[in-house]
Amino acid sequence: MVPRRTIAGRMTALPNNRLAWPAFFALVAATLLWGGSFIAMKIAMRGFSPLLVVFCRMALASAVFGLLWRRLGGFRAAKGDWPGLVFMAFCEPCLYFVFEAQALTLTQASQAAMVTALLPLLTAVVAAWVLKEKLEGKAMAGLCLAVAGVGVMSASGEATGDAPHPVLGNFLEFLAMCCAVGYIVTAKRLAARHRPLYLTAVQSFTGTVFFAPVLFFTPFPETIAPGPALAVVFLGLGVTFVAYGLYNYGVSRAPAAKAAAFINLIPVFTCLLSRFMLDETLTPAQWTGGLMALGGVALSARPGRKAPQEPSRRE
């Protein structure tokens, strides 16, 4: 038996249909860090190969979790939870970063971030099927509009030195979003029995083992520039450790679809940061496609008329 005080928190006793302020700020902070991760990944790849960057960020986060090993209670979990834990980590970070690392070698950071606007809608559809969360017709309409917007943005992208094949890059980013859906929905189920930091640790350790083979076939740089090195540190500590911890905390205290809706902030943060840090610009057609994608998300995420609440005896 697994001690409940080790892997379980008190979130099972909290109402999960309302977003509290701590969870709200945690989700906003996580998306801000994730928005910066696209920029940091581009900078890191100037000095390291994509998969080597991913391994280093996982290893850094795992080192921090190693210091917290006793507090996390090790890798003890109920036998029935292991398939979910493995599937969650396999979706993200494993497959997710395989696709996203390659995507960022082919497309702009700002375009890849726009593709993330699809994630809330994809999550809402899957959560309605798996978690039985309510899915309205406007969500499906918004999904169609968002997909069309990403298509317009990708088709209008022009090949550049930093984005040699934007269509393929954006498609790989879309596959990464599909993996992210698996992570969010599974994490939502596991969050009822496991602490957010525990779930993040499982992701980090699994990712480190998964990407370790790249050390045998990836060339190391002869010299390490400060910029790429600092970007890797930010990715490992600021994103893999802090951002995932904050997001897993938010997921544990909100419906999966509502937590995923905060992903809409990532394109905004990334476009602003990439404009100033990478000097990236979007063409008018790309802005049109991006606005279509965000508009589709807004259509699906706009709250409907609040239904009258019945008296509740929940304490």
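Note that Cβ sites are derived from N, Cα and C of the backbone, with glycine treated the same way.
Residues or ranges marked as domain 'EamA' in TrEMBL: 24-154, 168-300. What TrEMBL lists as transmembrane segment is 21-41, 47-69, 81-99, 111-131, 138-155, 167-185, 197-217, 229-247.
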Is the transmembrane segment (197-217) in contact with the transmembrane segment (167-185), using three or more Cβ pairs under 8 angstroms as the rule and ignoring pairs under 6 apart in sequence?
-> no
Checked against DSSP, the composition of the domain 'EamA' (168-300) is 109 helix, 0 strand, 24 coil
Looking at the transmembrane segment (229-247) and the transmembrane segment (21-41), are there 3+ C-beta pairs under 8 A, with each pair at least 6 apart in sequence?
-> yes
Where, among 21-41, 47-69, 81-99, 197-217, do we find the most CB pairs under 8 A to the transmembrane segment (111-131)?
-> 21-41
Per DSSP, what is the residue count of the domain 'EamA' (24-154) in each of helix, strand and coil?
-> 108 helix, 0 strand, 23 coil
